[in-house]
Amino acid sequence: MRYAFVLLFVLVTSTHALLFPKLSIFCAQNSLVSICPRGQYCNEFNRCVPERTGGHHHKRDGGSDDRYSVDGRCGPNHQNRVCDPNSTIYNGTCCSAAGWCGDTYLHCGTGCVSGCTTDYATPEPGAVSIDGRCGADFYDTVCPTGQCCSQYSYCGSGEDYCGVSSSNVITRTIVSTVSTTAAHTSTFRTSTPSASSLELSSESDPSLSKVASSTTIRYPTTESSSTVASSRDAELSSSAEPPSTSESSSTTEPSSSAVSSSASASSSSLSSSSSSSSSSYSSSFVQASTTGEPVIGKPSISSVAPAAQSTLPVTTDGTCGITSGGTVCGDWIFGNCCSQYGYCGNTTAHCGTGCQSGDCTGDIDISPGEVAAPVASGNDGGKFDIVGQSGVPAMHAGLLPNGKVVFLDKVENYSQVKLDTGYYAYSSEYDIDTNTYAPLAYKTNAFCSGGTYLANGDFISVGGNADLAWLDPTVGDGFTGIRYLKRSQSSSEYDGQAWSEPGNKLDSARWYPTAQSLANGEIFVASGSLNGLDPTVPANNNPTWELLDKSGKSYSGSIPMDLLAHNQPYYMYPLVNLLRDGELFIFVSKSSIIFDVATNTSLKTLPDLPGDYRTYPNAGGSVMLPLSSNDEYVAEIMICGGGSYQDITSPTEASCGRIRPEEDDPTWQMEGMPKARDMIEGTLLPDGTSIWINGGHYGSQGFNLSTDPVYYPVLYDPSKATGSRFTILTSSTIARLYHSVALLIPDGRIMVAGSNPVEMPILEPTEYTPYVTEFRVEIFTPPYLMGDKASRRPRSVKLSSTSLRNGDSFTLKYIEGQENTSDVKVVLYHGGFVTHSTHMGHRMVYLDYAGFESGASANSLQTLTVSMPGTEYGSVTPPAPYLLFVVADGIPSIGISVMVNEDTSF
């Protein structure tokens, strides 16, 4: 159970990314099950800690001249160090009177030494104490179950606390079964009799100060506990009355169990087995970050031995673990494993690393690691060119029917262009031919929206985030927004026109939704956050789907989906692909299904994908490999990259998985990339290969949470043998991390833009923000157009019609660009709506044709009769604008803009 005063710490505005709460992780060193997330280990203090220290800080030598605290200790007794606002070890800038960094009222309130703010919450009356102090002098907080508030306002048990002069407060039930064995005394020890207070051992793990900034209260050595009491800081007196001499009795000191249970009051609970080696301690509460997007953060794990589980409360709503009062899953219908972020289930995301209780399997991952790959040189490596400026940060992008690219961003306090209103533009239309942009206005905040195309070719964006009226009163709340952008294939009449928002709304609020066009022109919209708050709390999430009609109006209501609900909090921006028979392949976290929209039925549950998480906030990339009539358009999905948890210290995933979900017994075929990364974007190329580009080697999605950018793209050739399919290409000079995009443009090259991994635009790097808002637009030329290949491409492509329909055929003419072409492909290509390394609706189809004359000379005319897929395969080519390419011996023509199965009846 989470208490009201905890939620006061949550600051939600549309400037923030959705953050998972950063919680402490505890473990048992000698357990046969490794519960720590990949990238962390269980140290001698029974705490999962990162193998790598994260952050963008400059290197410090720890000397007395060092300004910032590196371990959470600060103030006069610690070389007058101040608290680092960018620390990944602790949260908060407030240095308490006792010399500890944090962001609670205990740090920032009375006695604060430096970095003090007023932006902190205080407990509501009746809230359980988090520091062992209670009563009227301490915000009317009460003691945990089994403890009383003494006349001197301290929690404890026994006559000194619960006698006639005590407040005799008995609080609501909180699980408090922590053993008081050496497993805990290695972290906390009692102070000397003169200090008579509980203190943190100087030998303790320094990373524990991260917990202090949330709810764990630090107990450093002080000269007298009366000083502590007067400062009202983070110390907990060990006596029922203020000690006045060094002979004060220690018999009424709060035990480690008492401290544990008081800490548990703010949404954590404590659980342990009867043995010291498996006992567990939790002391942090859920605190949504005020710096970023949907935040999960470092997971909170309290490993519970099976013998102890029967004594713990059982979930009634499917949430579990230390963020839910210490509950276990019991016989919960979806499984008895409690995931690292507190949801019950039976997938590898629940029972694998991070599993808090239940039938935990721990780390049994068999996904491949990094695999050596050849490095292409010269023309074989392609090249990057910086060609222009985007005008706005490129969070979302799409190719329009007029051949231009639209960039779409959230409300910011800066972009490169303003509107006639005098406010900044948050969208732009980029002209590929002139490398210039035009500003576009919108009415609702499109921050982290989804999108697709209508059957008439209009580009749409759905969902978003709240308004920032204080920054721009012309832009409203976008949680239920639907935005339309009309452009024409044949004329410039709509070019430069603003987004249209006639007032149509989604049925429910959605931040981080996915959209997919269906064969009948309707649009499937799924998932999203309801409010931007902690996604480990089910009430904040929207694990449902809805339908828009072919004109883009919601009509179905919001319908729950088990796959999304079961995989919370990794349920946002699901990967969705339309299969040949009209069903959907839907993937979140590590799990996937085949889903029938018409009957709201999961037709098949697919095996879990080995490796780390693959969707937000540890998203990798995904493509559906090119479809062909040779195998009746059976789909093969490829997913690469990902990560372990939401934090800058998270390792990233090196593996890729390929699956053919429509087969009778589908399995994931695994292979390794040359380098692990998250936020990697898979983009199909017309020759049947794909480019995997952008992303970072460490960290996750969210502001300032990624580092070690990977500058080089890799080329993937599915026709080669496993282990030899990747080739490393030429590197860029620009880091493309969070909020980057990549998409194919009509000339067969890749446009790369964006990277805005900060809350509001920053233009110059600093030691704390080395990766800034990026406005430069690059074009990557793939190897197939390098050297003289561009001059050998098929040219002067002409179609008998640019409006193509399933079941029809059309005439295609082109001029040969080279001698003796032996292999020709006719390709329909749809790039989709691009955001957050997810390419919604992205697909490519090989078309059948007749009439090709092999061995023709250069400059000769070829005339082909090309057939669209049959009418029974309407889902192979759902209505949308496409590019049509002719590919001759691997060299693509310039793409021709066409409309497929267009519907203009609305």
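Just so it is clear, glycine is given a Cβ too, placed from its N, Cα and C backbone atoms.
Since the structure is predicted, the reported quantities are computational estimates derived from the model, not experimental observations.
Candidates considered were Cys94, Cys95, Cys101; the recorded disulfide partner of Cys108 in TrEMBL is Cys94. Among Cys320, Cys351, Cys448, the cysteine that TrEMBL records as disulfide-bonded to Cys337 is Cys351.
For the pair Cys112 (disulfide bond) and Cys351 (disulfide bond), the C-alpha distance works out to 43 angstrom. Cβ environment of Cys116 (disulfide bond): Thr93, Cys94, Cys95, Cys108 lie under 8 Å away, each six or more residues apart in the same chain.
Note: the CA-CA distance between Cys155 (disulfide bond) and Cys149 (disulfide bond) rounds to 5 Å.
Secondary structure from DSSP puts Cys149 (disulfide bond) in a beta strand. Using a 10 angstroms CA-CA radius around Cys162 (disulfide bond), the disulfide-bonded residues that qualify from Cys134, Cys143, Cys149, Cys337, Cys351 are Cys149. When the alpha carbons of Cys351 (disulfide bond) and Cys143 (disulfide bond) are compared, the span between them is 34 angstrom. In this structure the C-alpha atoms belonging to Cys149 (disulfide bond) and Cys143 (disulfide bond) are separated by 6 Å. Cys351 (disulfide bond) counts 23 other C-beta atoms within 10 Å of its own C-beta, drawing on all protein chains shown. Considering only the disulfide-bonded residues Cys134, Cys143, Cys148, Cys162, Cys337, the Cβ with the fewest other Cβ atoms within 10 Å is that of Cys162.
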